[in-house]
Every structure is written in C-alpha cells, then in structure tokens.
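Enquirer: Below are the features listed in Swiss-Prot for this protein:
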type     : residues : note
COILED   : 147-181  : coiled coil
COMPBIAS : 301-323  : compositional bias 'Basic and acidic residues'
MOD_RES  : Ser85    : phosphoserine
MOD_RES  : Ser147   : phosphoserine
MOD_RES  : Ser201   : phosphoserine
REGION   : 165-191  : region 'Disordered'
REGION   : 286-323  : region 'Disordered'
Amino acid sequence: MAAEEEDEVEWVVESIAGFLRGPDWSIPILDFVEQKCEVFDDEEESKLTYTEIHQEYKELVEKLLESYLKEIGINEDQFQEACTSPLAKTRTSQAILQPVLAAEDFTIFKAMMVQKNIEMQLQAIRIIQERNGVLPDCLTDGADVVSDLEQEEMKILREVLRKSKEEYDQEEERKRKKQSSEGKMEEPPIYTSETAKLTNSQGDGEHFVQPSSEVKVHFTNQSVQPLARKMELLPETSSLTQKGLKIPGLEHASMEGPIANLSALGTEELRQREHYLKQKRDKLMSMRKDMRAKQIQNTEQKGKPTREAEEMTEKPEMTAEEKQTLLKRRLLAEKLKEEVINK
C-alpha cells in the first residue's frame, strides 16, 4: 500500500511538472508577468497596485490549474499532497513550482516580478546595443554628468564652509579684543562714579558731579565707534548670501551655473531614459507575443492529425488504471527523450 501511494504521488508530481513546463501554462503566465512587472521596483514599501496585481495573478493560476487537474483526474487533496511531498522539495522542483507558490506567497510573487522587470530592462538595453553598436547618450552620459556635478558641488560647499569658518573666527577674535579693551577703559568711570557718590554724601557733590558727567559722555562716544565698525563689517560677512555664495579669490566657488541646473538636467535625463527604454520594451514584448502566437499555432496544427486519428479509430472508454498507465508511459517517453537530447 505504501509503495502504491508513493507511486501515485510520484505520478502526480511528474504530471504537474510536465504541465508547468508546457505551453498551456508557461505562455499565459509569462504574458501576464511581462505585462505587469513594469510597475514593480525593489523597495521595502508595498503599494496597493502590487496587491491588486497579485490577486489577478492568483485568479489566473487557479483557473489554469483547475482546468488541468479536472482534465487529468487529480483532485485537490492529491495536488496538496504532491506539493508537500519530498519529491517537490528538490531544487529543480522548487524552481518549476515557483510560479505556483507565488500565487499564495506575496513575498515570492514580488521578488519574481522585480526580477522579471530587471531582466526586461537589461534585454531592452542589450537589443539597443546589438542593433546600434553603442548605447545612446541618454543611457550612458547621464550618470557621469550627475556625478561630476555632484563632485563640483561638494568642492564648492567645502570651500564655502572653510571660508565662512575663517571669517567667523576672525570676527570672534575682533569681538574678544574689543570687549577686553572696552572693559579696561570702563574701569576708571566706575571708580570715579563711586568716588563721586562717596564725596556727594559728604557734601561736596557739586565739585564731583561735573567730572562724572564728562566721563560718561566720553565713554558714550567711545562705545559708538565700535558699533559703527560693526555696521561697516556687516556687508562683508553677508556678501556671501547676497552674491550667491561667491567667495573673493575663488572664481569657481559659486552655486550658480551647472549646479543650479543639476535638478533640471537630472530630471530630463531620467525622463529620456524612461521613454527610450519603454519604447524598446514595448517592441520586445510585441515580438515575444508574435513568437508565442506562432508557437501555439504550430502546436495546434501538430495536434490536429493525432486528434483526427483518435476520432477515426475510436476505442471503448478506458478505465482509470489504463489512463494512469498510458500517462506514465507518455511521461516516461518524454523523460527519456529529454535525457537523450541533453546528452
């Protein structure tokens, strides 16, 4: 009994593998994946569009599998048992069953679609290169231009920061010197005012009030002078902002010119790339559709004589055991044929 069950599971696995290799499965699945993979990118965030496409894919897989299993006489329990058997755990079987597993696992589905999107882009670029000999400027020069501009921008920013730090340090040094000199000059009036208060309390106020006022006026004039100097220095320190970060002695140290056009240039290059690749990708997909349509037509034409012969030599209906035996023979013949061809 155990041997019979193992044989049955092996037969189910082999029949499903044969179906997944055939055109009835691979052509509609590949058409769907190639048409829908364009929106998939390698980001952690999953968009709502991804979920909708996954649901469409799941419905397509269920429809194809259901029609095949019904035709061959395999029920759902046998199918589940075959998918969980050790025969289905091998590397070859897992690669064949990946499109089926992707219908149930969104992570596998997304990885499959991202990989197909990258493959389609690389194929489009390869076709362009084979036809023209070289790639167009929009697919080669854009990255170099952006990197050069970024390097130039970093040089300018470093120079600006260095110059600004030097000017800031110089300004702070001037302030410290002025504060120390002002502190030294302010010490006598404090002493004089205290003396004036003491003498004023003793009754000689009129004699000392006049000197204190003179001292006050004198230091008021002194305090106006450093303020005027600070006002004169303001245009020098603010000139970087007013002149677009132009530093004296550095002709190239400016944020204008190519850096100002960085964002516009990058956007235009990316737009050209996207448009160019989309055109070639559409051509590639149309070529593949034509090839698959011819393949389906050829398989149908090859199948017609055998169907007519079967109808002409109609035999009584076979039993389930005879069907299984016949299917095993066919699968064995196909397997031997593949091994001979591969050798």
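Heads up, the Cβ atoms here are built off N, Cα and C, so glycines get one too.
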Enquirer: Could you list the residues of the same chain, at least six apart in sequence, whose Cβ is under 8 A from the Cβ of Ser85 (phosphoserine)?
Expert: Val9, Val13
Enquirer: Please state whether DSSP places Ser85 (phosphoserine) in a helix, a strand or coil.
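Expert: DSSP assigns Ser85 (phosphoserine) to coil.
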Enquirer: What mean pLDDT does the predicted model reach across the coiled coil (147-181)?
Expert: 77
